[in-house]
Structure formats: C-alpha cells, structure tokens
Amino acid sequence: MISAYTGTQVRHAEEPLLAAGLGDVLMQRAAHGLAVAVIRELKARGLRVYGSSVAVLTGKGNNGGDGLYAAAFLAARGMRTTAILTADSAHPQALAAFERAGGRVRHLSDAAPGGLAADTARADVVIDAVLGTGAKGGLRGSAAALIAAIAEARTGSAAPGFVVACDLPSGVDADTGEVAQPVLAADLTVTFGAAKAGLLADPGADFSGRVEVVPIGIEENFERPALRRLDDGDIAALLPRPERRAHKYSRGVLGVVAGSADYPGAAVLACRGALAAGVGMVRYLGPPEVADLVRESCPEVVCSTGAAADNRVQAWLVGSGMGPGDHEQLQRARDAVESGLPVVADAGALPALPDALAPHVVLTPHAGELAALLQRLGGDEDRAAVEAGTLAAVRRAAALTGATVLLKGATTLVAAPAGGVFGQSDGTPWLATAGSGDVLAGIIGALLAQLGSDVEHFGKAGVEPGARWAAVAALGAALHGKAGRAASDACLGGPIAAGGIADSLPHVWGKVSTLSNGGIRKRNSHSQPLR
Ligand SMILES: NC(=O)C1=CN([C@@H]2O[C@H](COP(=O)(O)OP(=O)(O)OC[C@H]3O[C@@H](n4cnc5c(N)ncnc54)[C@H](OP(=O)(O)O)[C@@H]3O)[C@@H](O)[C@H]2O)[C@@H](O)CC1
Ligand SMILES: Nc1ncnc2c1ncn2[C@@H]1O[C@H](COP(=O)(O)OP(=O)(O)O)[C@@H](O)[C@H]1O
Ligand SMILES: [K+]
C-alpha cells in the first residue's frame, strides 16, 4: 500500500526530529536522495554526470535549502551547477555549502528574466526547489514570470534536459493536488519522507511526472494517510479466490440493471466486465430487446424479468446506459438500493437515487456527473471546478451522500464517507473511450458480489471497516486500468475499444495474482517509483 500524506502531516511527523535538533540532518538526507535520483535519471537517459549542466531554481525556505545542498553534491560529482536565487534570501548554510562546492550563483533580481529563462531551459537538468510544503498559494511576481518563461521555452523546443521537482512541483498544493499556474511540469518528483497526497491526485499528478519517495527517518511518525494507492501486492492479496468446493452461487451473483433502447451496448459491456472479473453468475434485468442482445453477446448471462426483489443476487450494478425516461429500469435501480445489498450505481442511476445513501452504495460518476450530483446537493461546482480539485470534490460528495464515491479520470479517486481516500493511476489515456465506464461498473459489481460480505478479508489486508467498500472500488479501478493498459500493450501501445478491456482482464488478473501476497504492508517510503 502506498500511503500519501498532506504537507501538514509531513510537517508534524518532522516535528520531534526538529525538536531534537536534527533539522539539518533531515535536510541533508533529503538533499542527498534528490542528488542520487538526479544522477540515476541522467544515467538512465544515457547522459554523463561529469560535465552535464544543472540549474537549480531556489526559493527562500527549506525547499530551496534542499535544492542547494543537492546542487552542492552534484557539483562535487563534476556537474556544472548554477543556482538561480528567486527570492531576496536563501537558506544560508545550504548556500554556503553550494558556493564551497564551486557552484555559480545568479540572482533573479539582477538578471534579465528572458535571458535567464533561456539559459535555464537549456540545462541538462532543471531542479525546481522554489516552493515546498510551506508554500501559501502559487508562485508570485518575478519567480512566477521566470517559471512561466522556462516552461514556455521548453514547450515545443526539443529541450534535451529534464525537470526534477524537489519535494513537489512549485505551485502544486501538497494537500489537495490543486494547481496554481504557472507550474513547471516535472519529469520526476523526488519527495521526502512520504508521498504528498497532491502528487497522486489530479491535476497535481499532471505536473509531477514519476514520483519517487526518499526516506528521511520520519516514516514511523505518520498516522492515518490522506490518500492510499493499492500496489500490485495489495491487489494480489485482495483478489477473491474461489474455494475448492465453491459453486456458482457461493462465488456471488451480480444483478445487472443497465442498458436501454438508446444504449443497449452498455448492458453488454457491463456484463462483459462482470464476467471477466470472476463473478459466479450474472443476472440481467432490462427491456426485452436489450436482453436479446445481452444473450446473443454473452450467452453466460441469465436474463430475467420482473422486479429487482424477485431476483436473488449478492450485489447489484445499476444505471449504465440508462436515461431519465427509462422509468421501469430506474425503479429497479431504486429497489436495488433499497435492498440493502452492495450496489454500484453508474451513469443514469446517479440522478435517480435518494440523496442519503450508505457506504455499501458505490457511485461511479465522471467529473461532469459529479458536478451535477454536487449541484443537486446544493453545491455550485461545475465540471471544470471538479477537475481542478478532484480530491476535495470526491471527498465532499462522499460526505454529503454517505455513499462511497468513485470519481473516474486519469487518476481515479475513491472516497469513503468515513474519510479514507484511494487513488489509482494504473491505466492509459486510451481508456477514455465510449463504454469504458460500463466495463468498469461491471468489474466493480462483480467484486462487490464476491467480496461484499467478507469483512475479514479486508481487515487482514489492513483496510479498516469504514474503507472496505472504497477498497473494493479501488481494486476494480486498478484492474480496469491494468486491463486497459495490457490491451493497448498487446497492440504495441495502440488504441483499444471498451470490449478489449474486458477481454484482457482475466490475463491481467492471473498475472497479478501470482505475485507475492504476503499481506498488505504499510509502505510509507520506498525508493521505487510510485508510477
Ligand atoms: N522541516 C525540515 O527540516 C525539512 C524540510 N524539508 C524541505 O522543506 C520544505 C518546507 O520548507 P519551508 O517550510 O521552509 O517552506 P518552503 O516550501 O520552502 O517555502 C516557504 C518559504 O517560501 C515563501 N513563500 C511561501 N509561499 C510563497 C509563494 N506563494 N511565493 C513565494 N514565496 C513563498 C515563504 O516566505 P514568506 O512569503 O512567508 O515570507 C517561506 O519563506 C519541504 O517541502 C522540504 O522540501 C526537507 O528538507 C526535510 C526537512
Ligand atoms: N486520460 C485517461 N487516462 C486513464 N484513464 C482514463 C482517462 N480518461 C478516462 N479514463 C477512464 O476511462 C473510463 C471512462 O469512463 P466513462 O467516462 O464513464 O466513459 P463511458 O461513459 O463512455 O463508458 C473511466 O474508468 C476512467 O477512469
Ligand atoms: K519545489
């Protein structure tokens, strides 16, 4: 499990060590980790360390101090280092160390910003150490102008170098992932002590590049993470496995209320997602013409008629491919929610359900649908506002509805109403294709049918009871993302259609389940990339 924290949590975790007078030791560890990551990245790109150039943009706080100490290490390794001081002061000891190591200092206040930006953009490595967890808002004044000019000089030009963010890209909010432009997009973010939640949520994740965590000795001081990500070991541990004497009913039956005359394909894709995700049986309820198509496409599915209450299932999937005029289907969706069984509610069901729900109801809106949901509950967010603050929006929706809320996107966030959030980023942009969400709903429905009643399973895996439904939804999002990626990889990175996600899922499932599943480890820090 990858755990991410807010900037405030990280600062609290640092406090006992700072009180013990170890502030400089922490900074040296952070800076050393940053320098090592830069060297590793240079080598991975086939570039020499000795003689390559590095420009370090530094602010007046400790983030700038990290950057300057790291630059001193890199200067000692023979890199041509320039520090650009963006503020009227700099961390004094770090600046002195940098100058002792032979680095060159330039002051933003003394230089013509255009020339400075052009010089910086040409460096083999640009380190952004202007703002860290102590930032209030985004970059201001001449530092903002400099970063904007560097970002522009790098866009479109065949910039040979790469950008490394120190702790986080300046302008990205460590807690929320909200972005105050201008921000210099990083190829690599080297973050200290633990991942910051804002690096793993959109839009912050757009600017973070690959994220690596450098342990600095504060890892034992963390409490409840602000955001968690299931890694392959967690997925392997959470995947349901049939017992030797399992039968189709003991494995879990999913009832699917999806599709309409206008969107019959959604029912098929939801069923295909569910069938690929290990469910014992799928029962489909819907209009006869849609049921005919479902039978033809997926002969494994048992099509039924009548009310939701007449069909015995362990979980429901409702809403994919349904519109406001599909009264009979919407009534089934409401009945499914009233049944008290776990439900994944997608698309057309979202506006039709009661405002007050429960954690075993998993809502799966995309950003536009989440904005509509929040507006219905009295908010004024539009789609753009949700996209600009995904973490806050998904948390608010879960708190207001009492449901588990999954917000789809490049990073899919799942918020439990009790407070925990998961964020998965396993996919590929090729997943943004019509019907992809229907397959996701099918996968989550199948997992709810198999895992819904197994409270112990999650406890053993380190997931607290209140976050159990969110963990199931995150597991579904992870499998969906990995299946989409595998389908695209099988075409050498080419495009995929939604059905291909379901087709590649069993193989992805098999592959990940062979990984060690020695239980969920709490993993605050690691030198492996997070993504
Ligand atoms: N604690 C430790 O020992 C360790 C900390 N570590 C590192 O320290 C980082 C946190 O350091 P930090 O607290 O000094 O804050 P930091 O992010 O550098 O910026 C604050 C400074 O910038 C200024 N400023 C604020 N907002 C601004 C804006 N919008 N635009 C312009 N300026 C702005 C503000 O000045 P003010 O505006 O208040 O006068 C203040 O002086 C953390 O991310 C990690 O990298 C690691 O080394 C591990 C050990
Ligand atoms: N840029 C992206 N990168 C990765 N995954 C994406 C991206 N955009 C969308 N997705 C995923 O694709 C799916 C799209 O679902 P949705 O918007 O409901 O589409 P549809 O309604 O057409 O099925 C979601 O699982 C979402 O997380
Ligand atoms: K930074």
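Glycine is no exception: its Cβ is also placed from the backbone N, Cα and C atoms.
Pulled from TrEMBL:
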BINDING   62-66, 132-138, D167, A266, G321, H366, D438  (6S)-NADPHX binding site
BINDING   N63, D128, S170  K(+) binding site
BINDING   K408, G409, A410, T411, T412, G437  AMP binding site
DOMAIN    10-224  domain 'YjeF N-terminal'
DOMAIN    231-512  domain 'YjeF C-terminal'
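Here the features listed in TrEMBL are placed on the structure.
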| residue | record | DSSP class |
| --- | --- | --- |
| N63 | K(+) binding site | helix |
| D128 | K(+) binding site | strand |
| T133 | (6S)-NADPHX binding site | coil |
| H366 | (6S)-NADPHX binding site | coil |
| K408 | AMP binding site | coil |
| G437 | AMP binding site | helix |
Binding-site residues clustered about T411 (AMP binding site) [Cα within 10 Å; pool: N63, G65, K136, H366]: none
Based on Cα coordinates, which of the following binding-site residues are within 10 Å of G437 (AMP binding site): G65, T133, K136, S170, H366? H366
What binding-site residues among N63, S170, H366, A410 have a C-beta sitting less than 6 Å from any atom of ligand 3? N63, S170
Here the 10 Å Cβ neighbour count for K136 ((6S)-NADPHX binding site) comes out at 6
Using the Cβ centroid of K408, G409, A410, T411, T412, G437 as the reference point for the AMP site, which residues of the same chain not in that list have Cβ within 8 Å? D202, H366, L407, L413, G427, A477
Distant-in-sequence Cβ neighbours of K408 (AMP binding site), under 8 Å, six or more positions away: T364, P365, H366, A367, G437, L440, A477
Measure from each Cβ of the binding-site residues N62, K136, D167, S170, T411 to the atoms of ligand 2 and list the residues where some distance is under 6 Å. none
Including all protein chains shown, what's the count of other C-beta atoms within 10 A of the C-beta of S170 (K(+) binding site)? 28
Filtering A410, T411, G437 (binding-site residues) by proximity to ligand 1: which pass a Cβ cutoff of under 6 Å to any of its atoms? none
